[in-house]
Amino acid sequence: MILNKNLEPITSMLIISALMLKVFTTIYHVLIITLLVMLDCHTDYAKILKAFYKGTEYQEMIEQAGYVLENSQKLMQDIYDMDQILHQMCSKLFKITKKLKTQEEQREEARVAYDHYRNKLQKMEKTHAKSTEAKKIDVYKRNVEKFNKSKSEFDTENSKLDKLMEQIQIKGEVIIDQICIRFTCEVESKFFIQLNKSFKKLEIIEQQMTEISQY
Ligand SMILES: *[C@@H]1O[C@H](CO)[C@@H](O)[C@H](O)[C@H]1NC(C)=O
Ligand SMILES: *[C@@H]1O[C@H](CO)[C@@H](O)[C@H](O)[C@H]1NC(C)=O
């Protein structure tokens, strides 16, 4: 249990980390959209070429190039899905960080009350607890009750805050995991390898077209 300690730096750090994750996923989102638009332009261009070369000796090759580009677009779906997942996870994380600020304030209020009765009781140990005056003993008892109540309230608020911070940490770790493992290994590398293969295929088609034009 953390007592008398200002938790604001810790919670602020958690919120900043969540924000950074949000910024990262937003950049990622923009990148995905740009790639999607780029591939869309290419497939549109392939359609124009297909119409243009219809009935010529290039027709078959242009059609093949169109298929290659369409396949690349399917690859984008994987990355796009990943983008959606990251976005949803970040939204959930943000909902918790909002709760965190409120909970931090509630804990602070409970801490102030708890500290107040703790100090008061400490002083009363000497003046009231061992007193022979019934009135003083009565006052002491009432303060013990108040102290007990404030202590249990503080414990409750503290454990609520602990749970929220733990949730943020776990959710943040899951997002980082998703970015590092799923995005980098699965999506990014898979995507680039596949795209590289597509470009190789396009190069071969281009070569065939050049050969035809040389006849
Ligand atoms: C206050 O709490 C202590 C233990 O935490 C208990 O022994 C005591 O009876 C409680 N007193 C009152 C007045 O609630
Ligand atoms: C693409 O594949 C070729 C081999 O087919 C390889 O030499 C090249 O490094 C690859 N490029 C990327 C960016 O992976």
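Using the three backbone atoms N, Cα and C, a Cβ is placed for every residue, glycine included.
What TrEMBL records for this protein:
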COILED    100-134  coiled coil
TRANSMEM  12-39  transmembrane segment
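Residues 69, 72-73, 76, 79-80, 83, 86-87, 90, 93-94, 97, 100-101, 165, 168-169, 172, 175-176, 179, 183 of the same chain lie 6+ residues outside the transmembrane segment (12-39) yet bring a C-beta within less than 8 angstroms of a C-beta in it. Counting only same-chain residues 6+ beyond the ends of the coiled coil (100-134), those with a CB under 8 A from a CB of the stretch are 3-4, 7-8, 11, 14-15, 140, 143-144, 146-147, 150-151, 153-154, 156-158, 160-161, 164-165, 168. The average pLDDT for the coiled coil (100-134) in the predicted structure is 88.
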